[in-house]
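Written below as structure tokens is the structure these notes are about.
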């Protein structure tokens, strides 16, 4: 979450506005840093992709200003194509490097497939923008065509036939998800956010299908499949109910009972058998044994339940204040919204230090609960639908302009993705050394500490504003300082972290991501942890 009151709309300035150029400059610093660290043909592809995305981004911005985009996108931000386009490719590159260093060829190839899939979906988004822009932007088409040609040529000679098919399958899923979800969820995403979120879901769905078809008789590691099945199951459930409630009123008791019954049927009849096929054991029994395997896990679960209770009490207290307020449009102040960031930090740090597998599973379960409650709120499912609408409306901001409220889900994703995306098979011989030891803390540092401190200090004491934004220099500087202090505390309390004198890279990574937070208009809860993860893992 950001600290500005109301970010400028795309139409409030020229396409080549200073804030957009500054955001692009920060992104190119990240891309070139990873290119210098990796320096192979795949990193050259990432540079080419960033160059063409930089030019195509302005076509998307113009389409949004003119209202000529195919779907209804969120209007309180620019398109965000450039920062979103390079995330999956860069993530794949750094995963490849880490697994190559660990001597794991399977996951080294997996990283290349991640990078290739990210480039494919990014090129599709660029082609879509160029295809609907009138008049046809000849120069931009030439640049995009040259970059795309280089990427396709290199990938053609680097990927096996099976890997090419895998990338094309993920691209096909991405195209269909774009048509379905962007139609069902108008104004929920910018083009860049749609690329990032739907690209990730498409890749996960394709991986789940692949692993379901190639599962062997031996038991699989449940942690490798639990997240895939839960995320894909919740997305498919949402598509199913969205289609169903087109033909019936979702707010009646009959529809609500049907919703709960079908949720049980889909969960017990589809999701659990699917997970059972993958892990070759009873999923519920495995989950119960996993959660209560050690005494430490029991204490952690009790502690997390206490924090969840505190979060619920904060929501109820703020709504009680609104009820007694004279203004019916009372909104929670910035500091109040940041309470949840503090609660999440207090949740994740003990989990990262004491039991990361438990945190991995608990975050997955929490994500499923958040998505399910959002379905209940969105479809007005009785008995909680209207209550959730009233309670959560207090915490809305300009980014919740669509039918879904996604900021709390993005916060959970931003904190959890560094846990989920750490290449565990490539770190089994020992923890990551140097700056890479901080990878699991990327969400805590970027969002839990950095964004929270920047928002509070920027909104209360900030006076010097960054050009073209409502973000402040004081907020950014205090954000960097707070993250440095947090790194020092992590060194004290987590004995498994050994930075190996990589302090300059850590400081540069934190500063770069803090500058990105100052200029981006995208969902920073999701974007910032991914960029910090990429830089720390490089």
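Cβ coordinates are placed from backbone N, Cα and C, and glycine is handled just like the others.
DSSP labels the residues of the region 'CTP-binding' (459-474) in these numbers: 5 helix, 2 strand, 9 coil. The feature region 'CTP-binding' is assigned by Swiss-Prot to 459-474.
The topological domain 'Lumenal' annotation in Swiss-Prot covers 1-18 (among others) and is backed by a curator's inference.
Residues annotated as topological domain 'Cytoplasmic' in Swiss-Prot, with a curator's inference given as evidence: 40-74 (among others). Per-residue pLDDT, averaged over the topological domain 'Cytoplasmic' (40-74), rounds to 91.
Taken from Swiss-Prot, the feature topological domain 'Lumenal' covers 96-111 (among others), and the record attributes it to a curator's inference. Residues of the topological domain 'Lumenal' (96-111) grouped by DSSP class, helix first, strand second and coil last, total 13 helix, 0 strand, 3 coil.
Cβ atoms under 8 Å from those of the topological domain 'Lumenal' (156-163) belong to residues 41-42, 109, 112-113, 116 of the same chain, restricted to positions at least 6 beyond its ends. Summarising the annotation, Swiss-Prot assigns topological domain 'Lumenal' to 156-163 (among others) and lists a curator's inference as the type of evidence.
As annotated by Swiss-Prot, topological domain 'Cytoplasmic' applies to 185-188 (among others). If you look at the topological domain 'Cytoplasmic' (185-188), the same-chain residues 6 or more away from its ends with a CB under 8 A from one of its CBs are 71-75, 401-404, 406.
Feature annotation from Swiss-Prot assigns topological domain 'Lumenal' to 210-224 (among others); the stated evidence is a curator's inference.
Per Swiss-Prot, the feature topological domain 'Cytoplasmic' maps to 246-254 (among others). If you look at the topological domain 'Cytoplasmic' (246-254), the same-chain residues 6 or more away from its ends with a CB under 8 A from one of its CBs are 379-382, 385.
Annotated topological domain 'Lumenal' per Swiss-Prot: 276-297 (among others), in sequence order, evidence recorded as a curator's inference.
Here Swiss-Prot flags 319-337 (among others) as topological domain 'Cytoplasmic', drawing on a curator's inference.
Outside the topological domain 'Lumenal' (355-359) by six or more residues, the chain places 223, 290-291, 294, 296-297, 300-301, 348, 419, 440 with a CB less than 8 A from a CB of the stretch. Sequence annotations record features per position, and here Swiss-Prot assigns topological domain 'Lumenal' to 355-359 (among others).
Note on the topological domain 'Cytoplasmic' (381-401): DSSP counts are 11 helix, 0 strand, 10 coil. What Swiss-Prot lists as topological domain 'Cytoplasmic' is 381-401 (among others), and the listing cites a curator's inference.
Per Swiss-Prot, the feature topological domain 'Lumenal' maps to 423-436 (among others).
Feature annotation from Swiss-Prot assigns topological domain 'Cytoplasmic' to 458-472 (among others); the stated evidence is similarity to another entry.
Broken down by DSSP into helix, strand and coil, the topological domain 'Cytoplasmic' (517-538) contains 17 helix, 0 strand, 5 coil. According to Swiss-Prot, the feature topological domain 'Cytoplasmic' maps to 517-538 (among others).
Swiss-Prot lists 19-39 (among others) with the feature transmembrane segment, giving sequence analysis as the kind of evidence.
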When secondary structure is assigned with DSSP, how many helix, strand and coil residues does the topological domain 'Lumenal' (276-297) contain? 16 helix, 0 strand, 6 coil
Can you work out which residues elsewhere in the same chain, 6+ from the ends of the topological domain 'Cytoplasmic' (381-401), have a Cβ less than 8 Å from its Cβ atoms? 1, 6-7, 74-77, 187-188, 250-253, 255-256, 259-260, 315-316, 318-319, 322, 330-332, 337, 373, 375, 407-408, 523
